[in-house]
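Read through the structure below, which is laid out as structure tokens, and then see the notes.
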Amino acid sequence: MAPPGPGQLLPMTRSLLPPSAPPFLSGRRRLPPPARAQTSPRPPWQPRRPPCPAPLQPLRPLPRNRTRPVAPPPGASAAGGGEAQALAAEFMTSERVKVAAMLGLALALCNADRVVMSVAIVPLSQAYGWTPSFAGVVQSSFLWGYLISPIIGGALVDYYGGKRVMAYGVALWSFATFLSPWAAARSLWLFISTRILLGVAEGVALPCMNNMVLRWFPRTERSSAVGIAMAGFQLGNTIGLLLSPIIMSRTGTFGPFVIFGLFGFLWVLVWMSAITGTPGEHPQISAYELEYITKGQKLVKPQVQGEKLRKIPPFRNLLSKWPTWALISANAMHSWGYFVILSWMPVYFKTIFHVNLREAAWFSAIPWVMMAVLGYVAGVVSDALIRNGTSITLTRKIMQTIGFVGPGIALIGLNAAKSPAIASAWLTIAVGLKSFGHSGFLVNFQEIAPQYAGVLHGMANTAGTFAAILGTIGAGFFVDRMGSFRGFLTLTSLLYFSSALFWDVFATGERVDFDGTS
């Protein structure tokens, strides 16, 4: 653009005007202001409305059935003690802990129906003149049925789920228990048949428990859940051993059979109406708890429809892996020691220390209370080790080593006991430390084979049943030949030590490829 000549005015451009120049100097039309909505004039009696504040952020709605977390107590950091307290409070009021409690009640009934025979065997032997050898055969009749059902029951659990199979199992074993007095009045072999039926029905209890824990609990809470369920299992021993002599003194030898059978029918009604097979089916579970469970189940591979239709488990592949044999060996040893102590300790206190039946039941019952308490403590400690970074394999080996070596040492002390009080103390230590195995081999089924946990547990239970039959009958023949329990207790102690060594060498906490997919 050429510079202006003399006397020529500069053009009025927008860029040459000052910022505060009025709009009519810019050469542009001034746009009219935007039209405002027509509102009626404010009446003089109406107060002036204050200016609206900035809009608030919407509150994040809390999940259904979920309360706000409680503030941490004084002296606890938000990320430390306060969070731990909030998690503990959430766990104790959650739907999944109700599942664990119902499982514990079922296992309590399972053991009460089983252990009542350990008390009734004394008056029955006196009434019918049974020798210790034949009494061992009668007591082991439960195990004959228990030998049949675990593998089949475990496969049914994997296919149909733990809720349905557990309901049928409890109903059937409660019916067998309730029917026992009628059968005993007819013939001895009919009575033994009801005990076999009891064993068949109870063979599904532990696989069902494992299946429900696998579905309802994240991996960092499974040991605690098993601890709660197995605490009921051990309290069933206490209930059976303590209440049976009292009920027998008032109603006769078969009174406990009727009462425990009726309680089983009541449990089935509550279980079917209040518990669901999976968390997602529960109508009252909170969104928070459902998300927490599903996020914590990292070891469970989602099951597709084709896998569910597979009815025949790969038994050859299952038996070809050393971790499977570690589980079978651990379950066999656990059952050997468990059934020997459960079946023969009342007789042991009566024959060695010459106490009466009620005192023998008390001395035999105290250890099971300790087992229930320490079993839950072991579960909490095991979960804490895993949360703090300890590998699952090392955690399971630590727990199972305590569960085998501890009872082995305690049984040696039991052999040296000179009074019933000292013997009961050693027995309490043995049974209490034995409960650490619940956080060892008993949880391990879910970890190495979540899709085959039921059938794998059934296989191990079958081996355990063989060991229990051998131990229960063997103890009776050993007493007949040697005249004492002490040699048999020494043998059991040595078996505990060897089983601990086998477990520590071959067990693992990692998932094992049984399908040959990797």
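Any Cβ shown, glycine's included, is placed from N, Cα and C.
TrEMBL annotations: computationally assigned, not manually curated.
Per TrEMBL, region 'Disordered' is recorded for 1-81.
Residues annotated as compositional bias 'Low complexity' in TrEMBL: 15-26.
Residues or ranges marked as compositional bias 'Pro residues' by TrEMBL: 41-61.
What TrEMBL lists as domain 'Major facilitator superfamily (MFS) profile' is 99-510.
If you look up TrEMBL, you'll see 142-160 (among others) marked as transmembrane segment.
Sequence-remote contacts of a segment are chain residues at least 6 beyond its ends whose Cβ falls under 8 Å from one of its Cβ atoms, and for the transmembrane segment (165-183) they are 103, 106, 109-110, 113, 116, 153, 156-157, 190-191, 193-195, 197-198, 200-205, 207-209, 212, 254, 257-258, 260-265, 267-268, 271-272. The transmembrane segment feature in TrEMBL is assigned to 165-183 (among others).
The transmembrane segment annotation in TrEMBL covers 225-248 (among others).
For 254-275 (among others), the entry in TrEMBL reads transmembrane segment. Same-chain residues lying 6 or more positions outside the transmembrane segment (254-275) and placing a CB less than 8 Å from one of its CB atoms are 98-99, 102, 105-106, 109, 112-113, 116, 119-120, 163, 166-167, 170-171, 173-181, 184, 240, 243-244, 247-248.
Residues annotated as transmembrane segment in TrEMBL: 325-345 (among others).
Residues or ranges marked as transmembrane segment in TrEMBL: 365-386 (among others). Beyond the ends of the transmembrane segment (365-386), by six or more residues, the same chain brings 219-228, 230-235, 237-238, 241-242, 341, 392, 395-396, 398-399, 402-403, 424, 427-436, 438-439, 443 to within a C-beta distance below 8 angstroms of the stretch.
Marked as transmembrane segment by TrEMBL: 398-417 (among others).
Positions annotated as transmembrane segment by TrEMBL: 423-443 (among others). Beyond its flanks by at least six residues, the transmembrane segment (423-443) meets 206, 210, 222-223, 226-227, 230, 234, 326-327, 330-331, 334, 337-338, 341, 345, 349, 352-353, 363-364, 366-368, 370-375, 378-379, 381-382, 395-397, 399-404, 406-407, 410-411, 413-414, 417, 460, 503, 507 of its own chain at Cβ-Cβ distances under 8 Å.
The feature transmembrane segment is assigned by TrEMBL to 455-479 (among others). Under 8 Å from some Cβ of the transmembrane segment (455-479) lie the Cβ atoms of residues 132-133, 135-137, 139-140, 143-144, 146-147, 149-155, 157-158, 203, 206-207, 210, 313, 315, 318-319, 324, 327-340, 343-344, 351, 441, 445, 448-449, 485, 487-488, 492, all in the same chain and six or more residues away from its ends.
Sequence-remote contacts of a segment are chain residues at least 6 beyond its ends whose Cβ falls under 8 Å from one of its Cβ atoms, and for the transmembrane segment (485-506) they are 322-323, 325-326, 329-330, 332-333, 336-337, 340, 344, 348, 351-352, 397, 400-401, 404-405, 407-409, 411-412, 414-415, 440-441, 471, 474-475, 478-479. Annotation comment: TrEMBL describes 485-506 (among others) as transmembrane segment.
With a threshold of 8 Å between CB atoms, the same-chain residues lying at least 6 positions outside the transmembrane segment (325-345) that come near it are 114-115, 118, 136, 139-140, 143, 237, 319, 360, 363-364, 367, 400, 403-404, 407, 427, 430-431, 434, 437, 440-441, 444-445, 448, 456, 459-461, 463-468, 470-472, 475-476, 485, 488, 492, 495-496, 499, 502-503, 505-508.
Long-range contacts of the transmembrane segment (142-160) within the same chain: residues 114, 117, 169, 195-204, 206-208, 210-211, 308, 311, 313, 339, 451-459, 461-462, 465-466, 468-469, 472, each at least 6 residues beyond the stretch ends and with a Cβ under 8 Å from a Cβ of the stretch. Summarised as a single figure, the pLDDT of the domain 'Major facilitator superfamily (MFS) profile' (99-510) averages 83.
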